[in-house]
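Quick look at what TrEMBL annotates:
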SIGNAL    1-26  signal peptide
BINDING   CYS140, HIS142, GLU176, HIS200, HIS403  Mn(2+) binding site
DOMAIN    223-316  domain 'Peptidase M20 dimerisation'
Amino acid sequence: MGLFKWVNFFTIIIFIFFFSATPVFSDFSSTSNDHLSIPNFLDLAKEPKVFDWMVSIRRKIHENPELSYQEFETSKLIRTKLDELGVQYKHPVAVTGVIGYIGTGLPPFVALRADMDALLIQEMVEWEHKSKVPGKMHACGHDAHVAMLLGAAKILKDREKHLHGTIVLVFQPAEEGGGGAKKILDAGALEKVSAIFGLHVLNNLPLGEVASRSGPIFAGNGFFKAVISGRGGHAAIPQHSIDPILATSNVIVSLQQIVSREIDPLDSQVLTVAMIQGGGAFNVIPDSVTIGGTFRAFSNESFTQLRHRIEQIITGQAAVQRCHATVSFLEEEKPFFPPTVNDGGLHDYFQSVAGSLLGADKVKGMQPMMGSEDFAFYQEAIPGYIFLLGMEDVSVERLPSGHSPYFKVNEDVLPYGAALHASLASRYLLKLRQEVPIVEGKYHDEL
């Protein structure tokens, strides 16, 4: 009987010690205890003081849209909000970018990214916070992306002492064709980062759902411009001219045959001629015609081959019609975006975290999309993962797609983005800590 009492006594002592030693953020793989030990970031993000704060930020940015590398007021607003939160940051990075830090300031490091540039589109939505800048609009949701990352910063800063490393907040300029992600990398801002996460709002995915996939998710993207030159003259005597319009017609038709006749049908690629300029009168053959377009593929090899054939066909077909052609791929003003390829290990991790936060039934798979994302530059340098965040509420309205002058953001999406950012980053730091335990005093380097 005495032995039995001692066994019970030690059992109670061990039980008390075990639960008192449980960290605030437990191992993400221990899903049975996640809800007991990890803050519900979604509930926190939905609190009025956080939600209303994010809405206000998003509307201010929406009213003052700024194009790539011109996001000076947006950057200033971000820095003001980080100052209010007591978050340290670096600026300028990549012209207008801001890099914030929450946590210990020591390894491990995990990054969260929000793009912040607008588009050359005249907003057609009539509402109180319509764009105040003629011809410019946040028509892709980047205003919401910034607000959500600031929202994540707000709820993470309140729990900074519980973080097992440093969360790097990347407020990135120039996603819309300017390659801002590449400039962030070139500036050395993410040299010690172990992984980076990003999101993009989606108009036709239900609110509270996410969609993504492992491997290629968005295509690599490039642009081209060609000038086909002949010799102008009177349309009534074409034999005295060299007609660049006829040559251009053959060029366009031949370009469309690359995908239909030369490419493996299982290797999805797109080539679109979207711009043509030539001539200004009904009875005059012009001296030259200019065309332009975009090409996309899901592998660097396919992308390179497509580029090669575009130049070859344009110059060759022009020569057949006695014209001369020059081809530019606009690499300085519109750099190539590589394919966006999600890391397989991060995909499993994302499904676990998103499923825990939203419910497993809210985490969807998806097919690759021909749209492009300069988030791909990060993924070429470090493990990266990007996902789509739904914001459609059909009981209210169906939302127009991105890059539409009628584009809208359902602001109820903001807490979901903030909570996913916070959950992904905080749990990933814990995951890294458990995989490679940090010896006290071992690290002295800062990002």
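Residue 1 is the first one shown; counting continues down the chain.
Backbone N, Cα and C atoms are what each Cβ position is placed from, and that goes for glycine too.
Note that TrEMBL annotation is computational and uncurated.
Locations of recorded TrEMBL features on the structure.
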residue: CYS140; record: Mn(2+) binding site; contacts (Cβ under 8 Å, 6+ apart): ALA118, LEU119, GLU176, GLY402, HIS403, PHE407
residue: HIS142; record: Mn(2+) binding site; contacts (Cβ under 8 Å, 6+ apart): ALA114, ASP115, MET116, ASP117, ALA118, GLU175
residue: HIS200; record: Mn(2+) binding site; contacts (Cβ under 8 Å, 6+ apart): GLY141, HIS145, GLU373, ILE386, PHE387, LEU388, LEU389
What counts of helix, strand and coil residues does DSSP assign across the domain 'Peptidase M20 dimerisation' (223-316)? 39 helix, 32 strand, 23 coil
Mn(2+) site shell beyond CYS140, HIS142, GLU176, HIS200, HIS403, criterion: Cβ within 8 Å of Cβ centroid: ASP115, ASP117, LEU119, HIS138, ALA139, GLY141, GLU175, GLY402
If you count Cβ atoms within 10 Å of the Cβ of HIS403 (Mn(2+) binding site), leaving out that atom itself, what do you get? 13
Averaging pLDDT over all residues of the domain 'Peptidase M20 dimerisation' (223-316) gives 97
